[in-house]
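Notes follow once the structure below has been shown.
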Amino acid sequence: MLFVQIALLFLFASAPALTVHVSNLDVTCLKCICTASTGCNENFSCSPEGFCGPFFISRKYWEDAGSLTLGASSKYSLDGGYNDCTKNFQCASNVVTNYMAENGWDCNDDGVTDCDDYARIHFLGPERCDQSIENSLYYKRYLSCRPPKAADTFSQV
């Protein structure tokens, strides 16, 4: 019986943290935010400023999103799993999703919280996401893959 309890404890301790569902944040939006960040370069390590992985995630962003890890071995690494998670597309996607669940809002005041808002939040942070982003390389990359809005779809009918 003790063996079963220990096995279950190990299983749950090594399982990756579950993420939440965020409206209008789907895989297309996540891939576009990734593309805007680094060209979605999964081999991107860390910048000198401390932003890591294909989503260019800072330690503070990762911590605010719940400090997700790839599992128990990563969790107990010297950096707490930050490097492993942010350099892994799926784990980093979960970080972005969790971050948006806590910080998402209608930055551009168009009446809906969608990928445009999440892209702004990812780049500028939730406190500054209503500021201009249009002249940045990040935004130009984002526009190249931006998911269509419902209004865009209706105008084509």
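Cβ coordinates are placed from backbone N, Cα and C, and glycine is handled just like the others.
Values in this document were obtained by computation on a predicted structure and should not be read as measured data.
The disulfide entry in TrEMBL for CYS34 points, among CYS29, CYS40, CYS46, to CYS40.
Reviewing CYS107, CYS115, CYS129, the cysteine that TrEMBL connects to CYS29 via a disulfide bond turns out to be CYS115. In the disulfide annotation of TrEMBL, CYS52 is paired with CYS46 out of the candidates CYS32, CYS46.
The record in TrEMBL lists a disulphide bond between CYS91 and one of CYS85, CYS107, namely CYS85. In three-state terms derived from DSSP, CYS40 (disulfide bond) belongs to neither a helical nor a strand segment and is classed as coil. For CYS29 (disulfide bond) paired with CYS40 (disulfide bond), the C-alpha to C-alpha distance reads 12 Å. Across the structure, CYS34 (disulfide bond) and CYS52 (disulfide bond) place their CA atoms 12 angstrom apart.
Ranking the disulfide-bonded residues CYS29, CYS85, CYS91 by how many Cβ atoms sit within 10 Å of each one's Cβ puts CYS85 at the top. CYS46 (disulfide bond) is 13 Å away from CYS40 (disulfide bond) when you measure Cα to Cα.
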